[in-house]
Amino acid sequence: MEENRSTGLQSRIPTPTKSLSPARNGIKEFNSHIPPPSVKTNLSSRILKPRASLSTLNNEANLIKPTKLPSKMAPPASAGRTSLPAMKTRVPASSGRSNVSRPMGSSMYKRSVSASSHLQKPASVPPTSRSSMDETKSFSDESMTTYSDDRAELSSSVDNSTEARLRSIELAYANLSEKVLQTSTQSPDVKDFFSQRTQMLEESLQNERNRSLSLQNDYSTLLREVAEHEANQIFSKKQIENLKEALEGAEREHHRQIEDMEVNHARVLENECYLYQQKQQEQELFYSEEHNNLQLQSKQRMEEIENHYEQLMKNVSAEHETMVKNVTEEKDAFIKKVQEGASLALKKTTEKHEVAIKELEARIKPLEESRDNLASELEQTQNSLKLQKETSTFLQANLDERSTALLNSESRCRSLENTVVELEQKNQNLQNRLSEVESLLDASNSDKQTLINKLLKEESMRRKLHNTIQELKGNIRVFCRVRPCMGDEKPAEINYPGQGEEANEIEVLTEGTGSSLTGNSLKKYPFKFDRVFAPDINNEEIFEEISQLIQSAMDGYNVCIFAYGQTGSGKTYTMSSPTGMIPCAVQMIYNRAFGLRERGWEYRMEGQFLEIYNESIKDLLVSNSNDDNDKKKYEIYHDAKEGKTWVTNLAREPLENSEQVSWLLEQSAKNRFVAATNANEHSSRSHSVFMLHIQGINHLTGERCHSTLNLIDLAGSERLSHSQSTGDRLKETQAINKSLSCLGDVIHALGGEKEGTYVPYRNSKLTNLLQHSLGGNSKTLMFVNVSPVQQHVSETLCSLRFATKVNNTHIGTARRVMK
Ligand SMILES: Nc1ncnc2c1ncn2[C@@H]1O[C@H](COP(=O)(O)OP(=O)(O)OP(=O)(O)O)[C@@H](O)[C@H]1O
């Protein structure tokens, strides 16, 4: 029995020295190739190979086993067994399991990893591959089951082989011990032999122990790998479960979405079906009606054709029958006549009959073709009818639209026609109204022309009357004006009898010269002028009085208005202040010229401003700083025929608006010579003359007029003794007094009763300049400005006496300069 077992082992393990390496190589090979579970038998066989070394030892022991060993060589049972327990403890039964766990565990691990890697890719898993997932799970479970079974099986196999090997070693050792005991006593050679064998066995045993340790290490490694594998497997299982749940959720969501889409799709389809059914019903209805109509028509045509066909068939049949009847009759007759020998004739008759039938068939064939043609024609007619109906429907719809549009257009046209009629009516009314207005306008124009003519006549008459009034008032008038007291000036005793618009008297009362009878020490000096203006009368009120003279200037009469009086009596204030006579006169002329435009008058004005200082002329419109002003020679020339006076080199500024007049006054005020005297802080020592040249043209009547309005601010008239002037001032005063005296002389001469009396105009620059503005065709107004101050009473009396002389002068009738 031992021989049989040894033989079996020997056949599987060729040599003891190669016993260990094939097993390890087998493990490595297994790990590299990862065989399927079905190769476990080969695996077991490979792993079981190591035990062949011990079996080989047994075999060798058997080979060297003597036929009979001395009993004394047999080792005691206790001695042989003393080493076995140690060997058993060194090679635990579990160590045998390690030899088989690694390959199987490695194999299963790789296969599970393969399965896990497959499952860890959800994208590659089809949504509906529930079966594949189940297969994967079942495969995993199956693998796990197979793996557990394989490991248990391999463990038990290794345990058994290890036990068997240990038992065989124990047995071999016991046999060797026994043989050693038996042979040791026989000869020293045998003893050596056994000692050598024993040594070999011990070495072999040591090798086996080392190999067992190596296997144990391998087993520990395999156990760790198995643990990792199991952990991975659990993780993979969890992943599989999660994936499965996710997949189920996705599938549920997918199913739900599919269901929703199906429901929505079904609704849409239902709606579409419903719409389609409705359309289909409508179309069917339409087609059925059309079909019925066409069928009706077709039926009628078919009936007609059939009737025609029947009629033809009847005719043919009748003919056929008639012919058959005739033929039959002929045949019968012929049979009767010819009877038996008439077969040929019968045949001929039959042929005739066939020919007749063929002819009839030939006649029927065109009829059938005609019928077919009629049927195709009917079909074409039906198609054409269908097309015509569609076209008719479209045209009908189009016609309806156009009819509606036409109706709208017609109503709009009617509305527009009504509007046109209304507008024409309005237009006619307006035309009538226009005609009326035109006739009224013509009448109005005629009236206007009449009125214009009347107005022109009235204007001419007004001018004459105005001049007559002015002449009646006197061509030289004197207005007395008393300025108000200023500051701490002591007022003189001045009375203004006859207050109001007609006030023309003034009384100056002086001390010490009154009548002794009355006991009144005050002497009264009464004066009477054309108008007397008390201190409370302002420039505007005074200008109202002189505006008549300004009107005369516009009517073509030369006008001269000058202010006479002592220094500080208010001459400049009256003439050149912003509210003075010069600006008011120019403004009035502007206003009147504008008003006279509708009467055809067009006015143009030019201004000149000069002063006469020490009997020399100076242009006030040229700056004092300009040296040329001193070098220029200002010569006075007269045109006796035209009644004009002009000064050479004197600036002449066109005055088209009030701003230019203001500039002219400012310019002259700047350039006017002013020097201080004892009589007044600032006293003008020259005569200033503002000359306003007025030219008027009437475009309607062709009348022309020109005049000069002279507005003169005379130098102070104070007496030499009073002014106490010396030197240049004395000379100035003398020149002023001389010129004023000359002015008085001229006025006195103009008032002479005899015509042709010499008027000493040339005695002074002033009178020479005013030659055509004093007397003759001119109107003169003199303001005698007096001071209300007690201190100036004597000068006031002198001024009033001079003015009284002028006022008493009667200048001849003014002559209007008209062309
Ligand atoms: N009617 C008046 N109302 C108020 N103030 C007046 C009036 N008349 C003159 N004055 C004032 O009296 C002062 C002297 O007047 P103004 O210079 O006109 O006198 P004048 O006679 O021109 O003097 P001169 O001969 O020196 O030029 C000025 O301050 C002026 O404003």
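Yeah, the Cβs are placed from backbone N, Cα and C, and that goes for glycine too.
No curator has checked TrEMBL annotations; they are predicted automatically.
Checking the ranges 148-186, 226-264, 772-810 against TrEMBL, the coiled coil annotation falls on 226-264.
TrEMBL assigns the feature coiled coil to one of the listed ranges (295-322, 491-518, 715-742), namely 295-322. Each of the binding-site residues GLN566, SER569, THR572 was assessed for Cβ neighbours inside 10 Å, and the highest tally belongs to SER569. Between the binding-site residues GLY565, GLY568, GLY570, GLY565 has the most other Cβ atoms inside 10 Å of its own Cβ, all protein chains included.
Taking pairs at least six residues apart, the coiled coil (295-322) and the coiled coil (357-447) share three or more Cβ pairs below 8 Å and count as touching. Over all protein chains present, the Cβ of THR567 (ATP binding site) has 24 other Cβ atoms lying within 10 Å.
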